[in-house]
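Annotated features, as they stand in TrEMBL:
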TRANSMEM  27-51  transmembrane segment
DOMAIN    86-506  domain 'Amidase'
ACT_SITE  143  active site, charge relay system
ACT_SITE  217  active site, charge relay system
ACT_SITE  241  active site, acyl-ester intermediate
């Protein structure tokens, strides 16, 4: 006697229909990827005709001290091998050499910096106790949207043109307390965007190719550090603002763990906003500067929890990686970027003696923009009012009308943001659920000896304005703001066009 089939059993027809449906979805996805690749290629061709991709090499370095790390410069100053005045003067001269090409530095305090350098040299000559000043006499710079007393603090807004900061941001105070000497501040976008361009100071250019963007919002910082005009860059990061320009300009950019610094003075914040995705971190040319500079910025009471001085046994590392997260809003990964990931994974495989594990199957990697958009809507900043310095409120349709009439006082990128804000948000439950799922998965997998190599971007630095056609390509950076994780952009050589490649390391 035959037993009846259970209700959960599948008939051949049902299995066939499911298989057919899966094939259709696979075909559709493949077709859409093909269309996206064609679109991106078309955009690149158009912009290559516009800019002709001409290379304008920067002037060569005159004083070799600007090539050294902050760690080595600080050591030489302490040991009296070189004076702080000589170092500060060398960086001022380098900035004046390259800034006409880059438009990175927007406001300076050179006279005050040289006076502070003389005072630092005096301390060393008198053999005063400088043990609490690891960067005594070492110059640094900061982005314009981070308050630096006496310097421009427009946030890239015409409505704030001419405004100066009346006090230092917390993170600027921290570097000064460690002995750092502020040279000036650098260019940014108008509030938020992935290119450093605004109506107050204009556009910054990539040091590797002036036709390409520096990225943003810490674009001026990464640009100047890359061009040897600054040895210690100070960035902030809400959706990749530290790491985007670090990748495009070929330097290290580290986003500290969210909540490890006080946000006072960053984009006009008072430091009492509560939970936020905003973080800060170093932008440097040399990897050896990442750890000491991070220690310098972090709130002193939080430092012990990070175990920065704990030794790491590389042979016990667990290695994870993702080559193509698969977010359909984002351009497909270029071959050069995938090769950069493989290069890093293979290097880690050798030192860790372990088999790297591919995490591309994790669904939440494909939901980054929607989840980030939900969380950024919970930030306390009032974007519409900030655009007019709280003396009015920007309305998207009014700005669109004013744009062709030449009456608009905000950038097109801000108008796009205003339009995006009108679109419905994901539900609280959906966004929180996927955030928690991804955070839990990665926390469990990485533990205290895991490392994840993740794409930094689909491609190297785009042409100026090309980001308008790829507005979601910052998503792979924004993922780690959602999770509050620390993450570093690591430069990995150059692509065939001579532009920097890199990966994110978590």
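Numbering starts at 1 and runs along the chain as it is shown here.
Quick reminder: no glycine exception, Cβ is built from N, Cα and C everywhere.
Long-range neighbours of the transmembrane segment (27-51) within the same chain, counting only residues 6 or more positions beyond its ends whose Cβ lies under 8 Å from a Cβ of the stretch, are 211, 328, 331-332, 459, 462-466, 469-470. Separating the Cα atoms of residue 217 (active site, charge relay system) and residue 241 (active site, acyl-ester intermediate) is a whole-number distance of 5 Å.
If you count neighbouring Cβ atoms within 10 Å for each of the active-site residues 217, 241, the highest count belongs to 241.
Here the Cβ of residue 143 (active site, charge relay system) has 33 other Cβ atoms within 10 Å, regardless of which shown protein chain they belong to. Model confidence over the domain 'Amidase' (86-506) stands at 96, taken as the mean pLDDT rounded to a whole number. Secondary structure at residue 143 (active site, charge relay system), taken from DSSP and collapsed to helix, strand or coil, is strand. Between the CA atoms of residue 241 (active site, acyl-ester intermediate) and residue 143 (active site, charge relay system) there is a gap of 11 Å.
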